[in-house]
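Student: Mind looking over this structure? Questions follow.
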């Protein structure tokens, strides 16, 4: 023990207060163990450098160690590796984009550009941004909603697993962010991108909270949530287009209205449309326990009239049932409370307001948007 203390004291005296800090690393260290170099010499073609050797081949560089060969690929192999990784990471995204769909958002962007007339290069960037965010949101929504089908096919996480699907969706968010930085007014575009994604997640958060806490929102609260959630990508697209355009018209109010129309129409079709049932499953919103627009109306109107249907609806939503008989009974409750009729009237009212807004612009270039509104009309 005495000799140990002596050795330590001796070393300390060599690293004096006047020594440059980095010189301390060169001072003798107590109990320092010397090991042979980690990398062994196997290549006769190169001279030794500090006990290391490197073997070079046309396709790769190999470092030989006691634990095996560690390859470091050259440029061509690195590119191939990156491409393979990209395919793996993006597989859930590519799966969803490969499913049949109407691309309503892409068509909407093209329709708005009929009068904003931004360059094709900028337009394609905006389409990629919105497309990536849309597909990412579908991947996450299907997980959060425990969905089984997407456009008539198994949801992505049923094929790739939940962790890989979440990672792929997150990857798409940052791919979209990198695309935004390619726009001419990239600083302002990045601010818009951030603001709208925050609004989208606030809306989604409230939708999930109401469902999981079994809290029925008011109609006003519901519409505010939809404006944030569903209107987010519509609004992001038009704000970026307006930012890149010399045309000074403000179409954000119209886009907000279109987002609400789109979501209420989707809620209605989830419970009433046979084709929707084939693509997503019969009355999936009931299985999810979601407070969709017709259900909010039925519960609120039933509570006001002291109807037993209101409490029955709440109990059914709590079950998150997949029983078709129970779901058909739920639809009967909605019919009795006039909730489907109320939803149709609301859509007619909103559609008229949207057409009036469109007419105010008085532009022949708005024909494409008129076609979008025609598509959104309910077909009974």
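Cβ coordinates are placed from backbone N, Cα and C, and glycine is handled just like the others.
Grabbed the feature section from Swiss-Prot, which reads as follows:
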{"type": "BINDING", "residues": "102, 105, 134, 151", "note": "isopentenyl diphosphate binding site"}
{"type": "BINDING", "residues": "141, 145", "note": "Mg(2+) 2 binding site"}
{"type": "BINDING", "residues": "141, 145", "note": "Mg(2+) 1 binding site"}
{"type": "BINDING", "residues": "150, 229, 230, 263, 270, 280, 290", "note": "dimethylallyl diphosphate binding site"}
{"type": "BINDING", "residues": "266", "note": "Mg(2+) 3 binding site"}
{"type": "COMPBIAS", "residues": "1-19", "note": "compositional bias 'Low complexity'"}
{"type": "COMPBIAS", "residues": "45-55", "note": "compositional bias 'Polar residues'"}
{"type": "REGION", "residues": "1-55", "note": "region 'Disordered'"}
Student: Using the residues the record lists for dimethylallyl diphosphate (150, 229, 230, 263, 270, 280, 290), what whole-number Å value is the largest Cα to Cα distance?
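Tutor: Greatest Cα separation within the listed binding residues comes to 20 Å.
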Student: Quick one: of 141, 145, 229, 230, 263, 280, which binding-site residues lie within 10 angstroms of residue 151 (isopentenyl diphosphate binding site), measuring between C-alpha atoms? Sequence order, please.
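Tutor: Cα within 10 Å of residue 151 (isopentenyl diphosphate binding site): 280.
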Student: Give me the sequence-ordered set of same-chain residues, not including 102, 105, 134, 151, with a C-beta within 8 angstroms of the centroid of the isopentenyl diphosphate site's C-beta atoms.
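Tutor: Close Cβ neighbours, site residues excluded: 101, 103, 104, 106, 138.
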Student: Of all the Cα pairs drawn from 102, 105, 134, 151, the residues the record ties to isopentenyl diphosphate, which distance is largest, in Å?
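Tutor: With 102, 105, 134, 151 as the binding residues for isopentenyl diphosphate, the largest Cα distance is 16 Å.
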Student: How many Å lie between the Cα of residue 270 (dimethylallyl diphosphate binding site) and the Cα of residue 145 (Mg(2+) 2 binding site)?
Tutor: 14
Student: Looking at the binding-site residues 145, 229, 266, which has the shortest Cα distance to residue 102 (isopentenyl diphosphate binding site)?
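Tutor: With Cα distances computed to residue 102 (isopentenyl diphosphate binding site), the winner among 145, 229, 266 is 266.
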Student: Cα distance, residue 105 (isopentenyl diphosphate binding site) to residue 230 (dimethylallyl diphosphate binding site), nearest Å?
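Tutor: So the Cα of residue 105 (isopentenyl diphosphate binding site) lies 11 Å away from that of residue 230 (dimethylallyl diphosphate binding site).
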Student: Taking each of 105, 145, 266 in turn, which of these binding-site residues have a Cα lying within 10 angstroms of the Cα of residue 290 (dimethylallyl diphosphate binding site)?
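Tutor: Of 105, 145, 266, within range: 145.
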Student: If you count other C-beta atoms within 10 angstroms, which of the binding-site residues 105, 134, 280 is the most crowded?
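Tutor: Max Cβ neighbours within 10 Å, all protein chains included: 280.
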Student: Return the count of C-beta atoms lying within 10 angstroms of the C-beta of residue 102 (isopentenyl diphosphate binding site), excluding that atom itself.
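Tutor: Result for residue 102 (isopentenyl diphosphate binding site): 9 neighbouring Cβ atoms inside 10 Å.
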Student: Give me the long-range Cβ neighbours of residue 150 (dimethylallyl diphosphate binding site): same chain, 6+ apart, Cβ under 8 Å, in sequence order.
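Tutor: In sequence order, the residues whose Cβ lies under 8 Å from that of residue 150 (dimethylallyl diphosphate binding site) (at least 6 apart) are 96, 99, 138, 142, 156, 279, 280.
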